[in-house]
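Trainee: Sharing a structure below in structure tokens format, with a few things to ask.
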Amino acid sequence: MRIIINEIKKLFNLKSLLILGLIVFIIWKIFISFWIEVFPNGSETPDFNLSVEMLKDYGITMDEKEFEDFKEKSALREKEADEYLKGDKDAQELGIKSYRELSGRLNNGKTDEKVEELNSKIYFKYKVDLFWEMDSRESLIASYEDYLNRHYELYSSETNRYKRLEELEKGEQPKSILSYVTFSNYDSLITNFSILVVVTLAFIISPIFLRDEKNKVNLLQYSSKTGRKIGSKKVISAMITAFGISTLELIGLFLMYIPNNTLQFWNCSINSKFNYMVSWFDLTFGQYIMLTILVIYIITLVVTSVSLFVSSKVKNYVALIGIQVPILGALIMFLDNIGLNHMTTINSPKYIPIIAYVVFIIISILLIINLLKNEKNRDVLN
């Protein structure tokens, strides 16, 4: 145990900690902070606020009767928008007396600069929240009423995917009030967070064998039976360190994320009519979050195993960087495209992410086994 503790201390020397802090700061500012600090963002604010309102009024799902109530409330808000336009001088000059008339004039395919100026004044100059809200209400109503047809053109030629849509349409999951705003925000957040995990772990773990190689400490280790066992201690130290770092980073992430009040949708299905992503699996938002955390820990195992293996093989830091950058870059691309971002979407084959992670785990285990075997039998001169 003493050796393991010493190896962990060697990983966290002052220089490494200072550079690690800089890395965390840069990645956080570039890739992560936006998804926490700017939420909900701009035009998405009414969608989020309405989903909160629906959760309060109807619970985690909205049935047909409750939907009619939502439409009645929307009609009342529309009357308020009509009254606003009736009192607006520019709207009066254009003969626009209602929200419907304004929308119709904007979407009739004809360009009318004065109508566009009125629209710009209401939405952007005076930022009348009521009109932003009405647009969101219209979108939510359309999504609820036209769930299957909304996806028909995309999936009608894909038998399995369309069957999944029909299966969902017959159940209760699409009645979930979870908004795409909440889901897509978390999805983007956790995907960008994975970059932080990959980079910080690679930075901390990679020197563990190479540092001894550069300092010629390995010559003493491999010359004795006891010293050869240090390789396994290094692996244990690296795993403890890596999973510890990932856990601390996850804790930090969720401490920053919780104040956004999105976890109130924990029990809402992600297969909501108001969420643009359709999932192969019947998951709640909370279950999806737990699944992404599991993926982060799998990535922790993968990055640590690769870093350990490469560190045990190379002779200098140039080779270390040259080998690891392409591997870790490919891993980040995988996470961004299918491995973490929308990882259960029906836009991708159902079991590809699962198979990929099983393969990653097997490869990681084989790398560690090979590393330990080589360390045990390594010639002191090699």
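Even glycines carry a Cβ here, placed using N, Cα and C.
Sharing the record's features from TrEMBL:
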type	residues	note
TRANSMEM	12-36	transmembrane segment
TRANSMEM	189-210	transmembrane segment
TRANSMEM	235-258	transmembrane segment
TRANSMEM	285-310	transmembrane segment
TRANSMEM	317-334	transmembrane segment
TRANSMEM	354-372	transmembrane segment
Trainee: Go through the chain and flag residues at least 6 beyond the ends of the transmembrane segment (285-310) whose CB is under 8 A from any CB in it; none is fine as an answer.
Mentor: 178, 182-183, 186, 190, 193-194, 197-198, 201-202, 205-206, 208-209, 234-235, 238-239, 242-243, 246, 250, 263, 265-270, 279, 320, 323-324, 327-328, 331, 335, 339-340, 343-344, 357, 360-361, 363-365, 367-368, 370-371
Trainee: What else in the chain is close to the transmembrane segment (354-372), if you only count residues 6 or more beyond its ends and a Cβ gap under 8 Å?
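Mentor: Sequence-remote neighbours of the transmembrane segment (354-372) are 231-232, 235, 295, 298, 301-302, 304-306, 308-309, 312, 334, 338-339.
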Trainee: Are there residues at least 6 beyond the ends of the transmembrane segment (189-210) whose Cβ is under 8 Å from a Cβ of it, and what are they?
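Mentor: Tertiary neighbours of the transmembrane segment (189-210) are 7, 10-12, 16, 19-20, 23-24, 27-28, 31-32, 35-36, 218, 231, 234, 237-238, 241-242, 245-246, 249, 253, 257, 289, 292, 295-296, 299-300, 303-304, 306-308, 310-312, 314-317, 320, 324, 328, 331-332, 335-336, 340-341.
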Trainee: Checking distant contacts: for the transmembrane segment (317-334), what same-chain residues at least six beyond its ends satisfy Cβ-Cβ under 8 A?
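Mentor: Residues packing against the transmembrane segment (317-334) from afar: 194-195, 198-199, 202, 206-207, 210, 299, 302-303, 306-307, 310-311, 356.
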